[in-house]
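Student: This is the structure I want to talk about, given as structure tokens.
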Amino acid sequence: MAPLFVAVLPDALTATAINLSGIGSTITTANTAAAASTTGVLAAGADEISAAIAAVFSGHALDYQAFSAQAAAFHQRFEQLVNTAGSWYATAESANASQLQILEQQLLDVVNAPTQTLLGRPLVGNGANAPAGSGLPGAPGGLLYGNGGNGGSGGTGQPGGAGGAAGLIGSGGRGGDGGQAVPGQIGQAGGRGGSGGLLLGSGGAGGNGSNGPVATGAPGGAGGAGGQAGLVGAGGAGGIGGRGSASGVGGSGGAGGNGGLLYGSGGVGGAGGDGGATTGDLFGGAGGAGGAGGSAGLIGNGAVGGVGGAGATVDTTGSNVGALGGVGGHGGNGGHGGWLYGSGAVGGDGGGGGDGIGAGTGVGGAGGTGGAGGNAGLIGQGAGGGAGGMGGTGKGVGGTVSVGYGGAGGAGGTAGTGGRLYGSGATGGIGGTGGTGAADGTTNGSEGGAGGTGGAGGRAVLFGDGGAGGQGGVGGDGGAGAGGAGGPGGDAGLIGNGGAGGLGGAGQIFGPLLGPFGGVGGNGGAGGNGGWWYGSGGTGGAGGAGSDSFDFGGAGGAGGSGGNSRLIGNGGTGGHGGAGGSGGLSAGADGPGGGGGAGGALFGTDGANGAP
């Protein structure tokens, strides 16, 4: 007879004991409730027969109650035995597991001994993490299987250690953060993330950069790059850049690691660090650039670029000098999609410019440019460009003459290209809004910053439409802040329609109360051209409206021209001109409409001109 094996789960026994307890409690409650009415049955009448029948039923009820009491005792004992058995099995399992763990470790020691002796690396197992404050790299993972150890954070004045690499299967370790900077040095960089396994595994994240040393004007440390994946896996995220000190530039964000050669998405780019400033600084530190997003290999999507750091705000009203806010950092470019299939990723947004608040004169910092969108591979969609950063406020305070100049908005990022075989281009990034100009002296004068230019739309290569151009940014308030021009639409490839031109940004929303001129509207972007074989041209973008003023209204922006068709298709309609702003002495001129695009050389009609 074959041996019989029984598998017992301690948790299941414990759960069964709990359920048995609930059943017994329910039965006992029901028996108690029924006892009074069944053991004391009243006779139906005063005769002997009725009394005998009542006695019979009451007797049966008493017998049932006696039997139920014995069954309840048995049920309680059975419940205790099941519960005890579960405890015994759990104790035995724990003891056996402890012995198995010891045996497992002994077997691993035997297996790992040759490679550990020859190469200083185990065959199976995770790499050790480096101690905090050491700046040492993490130990590599096992040659066959295991994750890399994390890099140690840097000690004072030291960069962070790199993350350990995995072997065949496993993830890379995280890079250590940069150590505290000391005077005379820049902020310390974060460590690079470890590489993922050659066969399977993701790259480790990069460490963060440290801030610049206090009151020295030093840059912040750069973020560490994310680790690369092997054959299959995602790239590691880039580390964040450190903040600059006392007019120092923010550290750049780390680039994201690339995805697996066969499959996997890239890692996200790290954000740039903010610019530094302290009380009394004349110049604000610029923000650090965002890290580029990682790209995919054969199949996968790119990763988003990092956001640019913000420019620092400065206030010199107590020093009787002017002030200049820090420039915003540029956004990181988005990663590209896989060579065979995959879409690009959006570029990071540009950082905002810092405010400049000065005695007499204040100038806001310009916003950072948005990162370019990533391209697709063979099949996929391009990605949009990042938005430009907003310009900082410029404010002059006190004095006989006070002037404030708002910072210009950052340009939007160019959009990514669609797939080489199939896929459309994306929309360009939006231009940043210009900063506000303000002043409060005896004689006031201010000028808002110009809005940023919209990013160009992405083009298509073979089959697909071009992307629309990005909208221009709005001019800054406070006087003569011009709107940004719209970006041009992307061209189609062989078959497809051209993208529409971006709208021109409007002049500042609130015109100058005492200044003479309103802000000019931005010009609309031109429409993209249709495909070489078939496709219509894109519509031109409308011009932005000029702003109002007490004296001279701002002129409206010109409409963008419509895109051309090439062989078969219609020309795009021109964009209409922007309306001029009203003025107490003279209204601004309306912008001219854009010309219509040409129809196809073989077949098609010309596009209509835009209305003024």
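Glycine residues also receive a Cβ, built from the backbone N, Cα and C atoms like all the rest.
Since we're looking at a predicted model, the values are computed, not measured.
Look at TrEMBL and you will find 567-602 tagged as compositional bias 'Gly residues'. For 603-612, the entry in TrEMBL reads compositional bias 'Low complexity'. The annotation domain 'PE' is assigned in TrEMBL to 6-96. Summarising the annotation, TrEMBL assigns region 'Disordered' to 150-205, 567-612.
Tell me what's around each of these sites.
Tutor: With a threshold of 8 Å between CB atoms, the same-chain residues lying at least 6 positions outside the compositional bias 'Gly residues' (567-602) that come near it are 497-498, 500-501, 504, 506-507, 511, 518-524, 526-527, 529-561, 608-612.
Counting residues 6+ beyond its ends, the compositional bias 'Low complexity' (603-612) has Cβ neighbours under 8 Å at 536-537, 539-540, 542, 559-560, 562, 565, 567-577, 590-597 in the same chain.
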Student: Could you give the number of helix, strand and coil residues in the compositional bias 'Low complexity' (603-612) as assigned by DSSP?
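Tutor: Taking the compositional bias 'Low complexity' (603-612) as a whole: 0 helix, 1 strand, 9 coil.
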Student: What counts of helix, strand and coil residues does DSSP assign across the region 'Disordered' (150-205)?
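Tutor: Helix/strand/coil tally for the region 'Disordered' (150-205): 0 helix, 2 strand, 54 coil.
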Student: When secondary structure is assigned with DSSP, how many helix, strand and coil residues does the compositional bias 'Gly residues' (567-602) contain?
Tutor: 0 helix, 3 strand, 33 coil
Student: For the domain 'PE' (6-96), would you mind checking the mean pLDDT of the predicted model?
Tutor: 62
